[in-house]
Amino acid sequence: MNFIFLWAALGGAIGSSLRYFVGKMMPSKFLMFESFPLGTFSVNVIGCFVIGFMGHLAVKKVFGDDFGIFFVTGVLGGFTTFSSYGLDTLKLLQKSQYIEAVSYALGTNILGLIGVAIGWFLAKNFVGIN
């Protein structure tokens, strides 16, 4: 029997649990905003950093396919989710919180991309796998 689906499911359960935990730990008031989805924002930025780091290691074949399925597809797939990001943005727009919605959308995308780039750079330059 192929256990690849079980690895993905186990990783997804872990990632989803971590996402829920981080979401509950974050305050809803952030900087000057009364309502800001900081939990999802944090999860997406952290997840982008980690997937950048792990992506470089995967390309360099540092770990096997099973671990990649477990961690990248499962854990990170369960941990980060742009569907939650989309829903949170829509909710802000529906409440006419336009500045929060735009700040959230732009911040998630810009910092997420920066996180991927930094993760990739660190894996490439400090783990010593070129």
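Every residue gets a Cβ built from N, Cα and C, even glycine.
So that you can see what the record holds, here are the features copied from Swiss-Prot:
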type	residues	note
TRANSMEM	3-23	transmembrane segment
TRANSMEM	39-59	transmembrane segment
TRANSMEM	67-87	transmembrane segment
BINDING	Gly77, Thr80	Na(+) binding site
TRANSMEM	102-122	transmembrane segment
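If one looks beyond the transmembrane segment (3-23) by at least 6 residues along the same chain, the residues whose Cβ comes under 8 Å of a Cβ in the stretch are 39-40, 42-43, 46, 66, 69-71, 73-81, 84.
Nonlocal intrachain contacts for the transmembrane segment (102-122), taken as residues 6+ away from its ends with a CB within less than 8 angstroms of a stretch CB, comprise 33, 36-37, 40-41, 44-56, 85, 88-89, 92.
Using a Cβ-Cβ cut-off under 8 Å and counting only residues 6 or more beyond its ends in the same chain, the transmembrane segment (67-87) has close neighbours at 4, 7-19, 37, 40-41, 43-44, 46-48, 50-51, 54-55, 58, 105, 108. Here the binding-site residues are Gly77, Thr80, and the one with the most other Cβ atoms within 10 Å of its Cβ is Thr80.
According to DSSP, Thr80 (Na(+) binding site) sits in a coil region rather than a helix or strand.
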